[in-house]
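Copied over from TrEMBL, here are the features:
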COILED    692-754  coiled coil
DOMAIN    44-127  domain 'Dynein heavy chain 3 AAA+ lid'
DOMAIN    188-449  domain 'Dynein heavy chain AAA module D4'
DOMAIN    463-807  domain 'Dynein heavy chain coiled coil stalk'
DOMAIN    836-1057  domain 'Dynein heavy chain ATP-binding dynein motor region'
DOMAIN    1301-1414  domain 'Dynein heavy chain region D6 P-loop'
DOMAIN    1446-1585  domain 'Dynein heavy chain AAA lid'
DOMAIN    1591-1893  domain 'Dynein heavy chain C-terminal'
Amino acid sequence: MEDSSKKIIFSTILGSWIAGLLGDRSFRDPVPGAPGVEHLNEPLVDATIRVYSTITSQLLPTPAKSHYTFNLRDLSKVFQGMLMAEACKIEDKLHLLRLWYHESCRVFRDRLVNDEDRNWFDDLMKSMMAEWDTTFEEVIPFQPILFGDFMMPGADVKIYELIDDQEKLMRVIEEYMEEYNQINTTKMKLVLFMDAMQHICRISRILRQALGNALLLGVGGSGRESLTRLASHMADYECFQIELSKNYGMTEWREDVKKIMLKAGLQRLPITFLFTDSQIKSESFLEDINNVLNSGDIPNLYAPDEQDQIMTTMKPIVQDLGQQPTKANLMAAYTGLVRSNIHMVLCMSPIGEVFRARLRQFPSLVNCCTIDWFNEWPAEALQCVASSFLQEIPDLEATSEVIDGMIQMCVEIHQSVAVKCKVYLAELARHNYVTPKSYLELLGIFTALIGKKKQELNTAKKRMKSGLDKLLRTAEDVAKMQEELESARPLLAEAAKDTLATMEQIKVDTAVAEETRKAVQAEEMKAKVKAQTAQAIADDAQKDLAEALPALDAALASLRNLNKNDVTEVRAMQRPPLGVKMVIEAVCIMKGIKPKKVPGDKPGSKVDDYWEPGKGLLQDPGKFLESLFKFDKDNIADTVIKFIQPYIDNEEFQPAAIAKVSKACTSICQWVRAMHKYHFVAKGVEPKRQALREAEEDLQVTQKILDEAKESLREVEDGIATLQAKYRSCIAKKEELEMKCELCEQRLGRADKLINGLADEKVRWQDTVQNLDYMINNIAGDVLIAAGFVAYLGPFTGQYRIALCEDWLRKLEEHDVPHTREPSLISTLGDPVKIRSWQIAGLPNDTLSVENGVITQFSQRWTHFIDPQGQANKWIKNLEKENGLEVAKLSDRDFLRSLENSIRFGKPFLLENVGEELDPALEPVLLKQIYKQQGSTVLKLGDTVIPYHEDFKMYITTNLPNPHYTPEISTKLTLINFTLSPSGLEDQLLGQVVAEERPDLEEAKNQLIISNAKMRQELKEIEDQILYRLSSSEGNPVDDLELIKVLEASKLKAGEIQAKVKIAEQTEKDIDITRLEYVPVAVRTQILYFCVSDLSNVDPMYQYSLEWFLNIFLSGISNSERADTLKKRIVNINNYLTFSLYCNVCRSLFEKHKLMFGFLLCVRIMMNEGKINMDEWRYLLSGGAVKMMRENPAPEWLYERAWGDILALTNLKNFSSFVDDFVDNIREFRAIFDSAEPHREPLPGKWDSELDSFQKLLPLRCLRGDKVTNAMQDFVAMNLEQRFIEPQTSDLTAVFKESTSTTPLIFVLSPGTDPAADLYKFAEEMKFSKKLAAISLGQGQGPRAEAMMRSAMERGKWVFFQNCHLAPSWMPSLERLIESINPDKVHRDFRLWLTSLPSNQFPVSILQNGSKMTIEPPRGVKANLLKSYISLSDDFLNSCSKMSEFKALLLSLCLFHGNALERRKFGPLGFNIPYEFTDGDLRICISQLKMFLDEYADVPYKVLKYTAGEINYGGRVTDDWDRRCIMNIIEDFYKSEVLTEDFAYSESGIYRQISTTYDLNGYIQYIKSLPLNDIPEIFGLHDNANITFAQNETFALLGAIIQLQPKTSTSGGRGREELVEEMSKDILKKVPDPINLQEVMLKYPVLYEESMNTVLVQEVIRYNRLLEVIALTLQDLLKALKGLVVMSSQLELMANSLFNNIVPELWNAKAYPSLKPLASWVNDLLQRIDFLQRWITKGIPPVFWISGFFFPQAFLTGTLQNFARKSVVSIDTIAFDFQVMRESVSELAQRPAEGCYIHGLFLEGARWDPLSFQVAESRPKELYTEMAVIWLVPIPNRKPPTTGFYLCPIYKTLTRAGTLSTTGHSTNYVIAVEIPSSKPQRHWIKRGVALICALDF
């Protein structure tokens, strides 16, 4: 929009406001305007537009200020803000400008991030005001200028006006805050310093505007949310915030948002929607917010019924406005209401890439919001807060000067830590943030501790003081006692006489009583005997009854089970079955019921029938059953028994038989039988009962006599008792008198003891009281430092803590804050006994860990341990075990449930292995958002309110070594860095080695700690007792016997203890001396540990836990050789440990890292001994920079690269004269350079004797980098031992032995390997092949694997999970499964085997605790042969019909396999593409070999070669030149000559055929005799091939070691952005403008006879495209660095590439293939452009630089086309003939008649010999040579020659391999050229000879 249009719009609006036309007419009519300032309307609008333009052009977004994007909305916001004020209140120019300045500040200035930008803005405003002839000072008499509408709480019309009274402002806001706290559960306690009040005003202003949304930027804890809540309350808005729970997702979010929008739109309630970036669970939340900000609507949010509701509610509103109620109009009205009532307040942290990305993706966050930037709290704010806290501490009792000092101190602590954080990041790359929250924590802890400490000290002082006072009083009391003693003596004698008389009388009476007692005893005996007799008879009778009773009970029981119906049923039977009848008969007989006579079967005879009478019995079933129960079973008549007998004997009369017919009868039958049985028993028992009756009568008589005797005894005894009582009272009287005298004497004695005994104490107590006074007065400083330590220093490592504490101590001095001499955290807050108990629970014993323990104890926030070694985790688990610790992980499904239980029941809760993000649902717990509800403390977790138990504790641990937590997390938790430090580990190890070696000492030391603590405790208790007794004894202390006892005991005890303490001190000294002797072991082990733990930087799979390491350490101590002297023993332990660790670690390292590890161990050990200079070490790893260039003394053999390295070497102190000596001894150095073993050649001159073995590596690195690895081997062998460089084989048995059912076994794979076969074989050996279940992980296999693992754990099987790297998403579940294996429940045979390629997704904890083995193909032909042969057997060797041919060809084939595999290591010289040939390829070839030999009469070489070369191996080969190579190689191995013994496979004859009479063992012996390192000749390669390979290996190895180096901050280095900027400018300067295409096309038009014109034009187009991209991206990058454009992710990547000297991907995509580093690449590009420019200006060149073409194939086609058109021949029939020219480029001034000359090629793998004019062997160490000019001659129907040449491919770059591009051409291969050669082609093919267009340097 043009400025003029803006001006018209805004001056109209502003003019109407000034004129008073914008008032609400209906409300008050008309509105007074501001006529006094009408003339300023246009100038003001003008000025605002100018300000806006200046800001948009000058304040630009940079990565650090990505929110500096302004648009027209910002301009209109200034005017919108002004319109909020009442025009009539604006009286003059100053008022108007003040308002204008305020609004401009709110819109523009509030978002500025630093003072520099703010001052720039103020200067801009000053310059504007100068135009109106006013000064800035007049307009703005005081800062800050604030406007607000809340100064009159409760007013009907809120007027937006200037706030000029800051005191009042503070009071008003405080009132609002109190009101807020009365309404809300969570209380707000804010200290209102100016900064905070400003923010409140800003937020209030935004909230009162329609469409007012705010984006508050600042780190967590800076008060963004609290101030928003307060401002919303002041505006009477509802403040809404979402509540996250574990499964809060999109649906819940949408529901929440919808609820708020409906509230705002339908109920028209103003709402503040407060949203912070910690609540962004998914980025789509922001998308919705973006929509709400932008349009007030979210697509597809409302359900149909909700839409109807909206339409209905909106209809009247739309009609009032006079619009049609169409759907569109209704929705528009609704969204309008939503937008004006919802006020979004977004709180975001501006730190990091995420924030920038979010602003990029969601522009409305900036466009539709007013931004307010929260700075770090200014010092003024810090002071305010501190003073408000310190003033409130009642126990501080300090003068105002001291309090001021302390306030300053608090500020200093806060600011010093903030500064240190930056250093920490720069030096250790560790992030740590300091936020206002940490500051509040500091003050909170101080407040809590100072009171507690003072109270402790005061109590102690009071205790002592009262004791002292009592002592002084005692002396006075002694005199009084003396008198009392004298008066008591005469009374004593009289009492003695009385006593004697009574005594005599008692003697007489006692004798009488004795007699009576004897008589009674005799009677008692008689009675006893009779009673026993009676009992015996009773028992006998009972025994007999016992037989019959069970049957009776059973019968009665079964009767009880009957109910009346059962009985009625029997009665109802018309024709009862036999059984029923029998039963009824029996019952009638038993009950003596007469039968009825009825006619029988025979006529005239009568039979007894019991049925009728029986039925009568059953008339009343209840009564009937009752009669059975009460049946008189003891008196059954004999006749009844006689009648019943036949029934009893009857078979049918059995309960079982009867049961078939009737239930009731069965029970009755049982009853009858029981009665019968009982009768017989009762009959036998009767006589015995008779006897019993008689015996009992006799007993009663005897008992009566006994009672009478007892009575007479009682009377006698009563008489004696009366006498005794009299006697006792006499005695008492006498004793009382004796007591009194005694007591007096004792008291005197005691008083003496007391006064003398406490003489020492008196002195000591007086001292202590003084001491305590000193402490009370000086404790403040100590506690302040301790509080600072707890609040801030947790995340830092040891040396940073020390540095900060020293800094604080100095500050204490400066500010005169009282403190003791050397306060430290542990001395101030630590309690030795508690610390000891922590250490028993597993807290390491170094200072850092103890400090961590104290921080944990005193921190007010929950603690979060950074704990990569798991020490804190272990400690917490042991420490809290008794308290019912709950342990969970964020990944557990129900972790929130267990957390909830812990909170309810007050248990400790440990959340372990968290990452860098915490679950948002934890928020309320982390912030301890507890409040009171109906008197109990509660906490809202997720959607539920749960009771909060006071004892709940929460701990969090992470095992990430260097996590980067956001400031938000840092504010909620106290981060504690538990990372192991070398000194800490040394302490721990020392303790362990001494404990293992001298358990007696360690035991003694522990005893000492315990007994010292105990003795101190006892002394303290004794003193406590004395003091307590003294102070609490009522009256006289002399009477306190306990006190005197205690005194005596304490004297003794104190003596004992003092003696013991002396002994203890001595013992401690002895122990420490002995411990120190073991320090070398601890130091060595600590070095080893850090070597091992650093390995994870090299490969993510190299993870080792501290526990694993300690196990090796302990077993090393116990297994190493004993010795007579301690020195020797220590050497033994160190040697054993170092090697044992080396073996254990090597098993899990790839081959390429084993030497590195050995070398690293060796170097670190030597560094510790001070044998290695750090500068020299850095030089070895990464070379150095040349300070002074000099001329290369021998350019013919010494590369420039090497010469540069030698010059850089002279920067080192020990090598300062090396260059001069080098030039002087150039011949000797040449000899080293040319030697086959340069690393073993002596250095010339003084250097051989002056340099140590390490320093000799440096010259070697310069001259022969390829031999550095060999030199390293020698170095390790010399300084450690030979065995540290020998290959360590790992067999499964050894690894298996060390494993348990809870430790997984992990195969770390390298491509092309598969341990499955080995594992199956091993399982067979272990008899586990049936119990091994395997699964290959991948999509959806997780649940199956889990089920498999669970069943295997129960049954003791093995499970084998392959390819874990393919299931990264399932890895956390696997980790959880493994961690949850319970060692007590799992079957002990269970094993878990895993395989995985190296992957950083693989869980670290599994790696740390598992046994790892690397599986990789053997390195070297020898190892390959060995592997192939070990898997064969003699039977197999002899199984072929042509045995000797089979053996010979088998050796050949295995050699070929080794050859094909090992060629890969030579890179493109071996094969263009590194193929993954596998053992499977070899296996199938072997079986085919045997099959073909068995089937054919002669050996079918052709078939063998074809199947192996073209199919089995060739099947993998995708590159034609590689296929040519492999077919040529197989020719050497499958030919008839190999059948002859001693046939040599290579020139030297080392690899040869052996006699086929050998058995397998013979072959293996022969293989073992081969050299360890392959000789290139076996591959047909030149020796130089090894150089390339070895150089790469060396630099890879040094590169790996570099990754292990600790990062340090670049000293005096420039910032990264500066370097990138400088490079960008530099390249931009060099790169030319694109070539003018129009000119080129005019000068070289498309011609039929000259195709080169087209080639040129196409090349120009291609290069222009590249040049444009380079220029454009560099300009963009420079702009982005300055902030003129947004730094996109692509530009960021580009900056990284430039910084690392790599060609950026953006350019590569548009460029030709090239491997050069950036600097050379740019120079190369310039040369290419130059080649084109010369062509354009001078015409078509005579010789073409083929390397300069973007697309050389087009140029070749153009050459053929020219010929075809000239000769009128079809182009398809033409081919090139090749002639190498003798002339050089400069001699060829003319283009040839046909074809073209090309130059610029390099030969790799051979050289061109201009003398013999053919390809020749390379010279040693010459890797690439220039090729002569080649003439390409087009010839129709050409027949290629058959011999005398080598067909040599041309490639663009050294990688050779390319891909097919869309044109059908390879991206790398150009054409093949025939080069003259006297040797056969095969020789050069195996050499890998090729022509290359461009090298890589």
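The first residue you see is number 1, and the count goes up from there.
Using the three backbone atoms N, Cα and C, a Cβ is placed for every residue, glycine included.
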Recorded stretch that, among 44-127, 463-807, 836-1057, 1301-1414, 1446-1585, has the most CB pairs under 8 Å to the domain 'Dynein heavy chain C-terminal' (1591-1893): 1446-1585
Model confidence over the coiled coil (692-754), averaged pLDDT: 77
Maximum Cβ pairs under 8 Å to the domain 'Dynein heavy chain coiled coil stalk' (463-807) - stretch from the list 44-127, 188-449, 836-1057, 1301-1414, 1446-1585: 836-1057
Residue distribution over DSSP helix, strand and coil in the domain 'Dynein heavy chain region D6 P-loop' (1301-1414): 48 helix, 25 strand, 41 coil
Stretch with greatest number of CB pairs under 8 Å, the domain 'Dynein heavy chain region D6 P-loop' (1301-1414) reference, 188-449, 836-1057, 1446-1585 candidates: 836-1057
Residue counts (helix, strand, coil, in that order) that DSSP gives for the domain 'Dynein heavy chain AAA lid' (1446-1585): 89 helix, 2 strand, 49 coil
Secondary structure content, the domain 'Dynein heavy chain 3 AAA+ lid' (44-127) (per DSSP, counts of residues): 63 helix, 1 strand, 20 coil
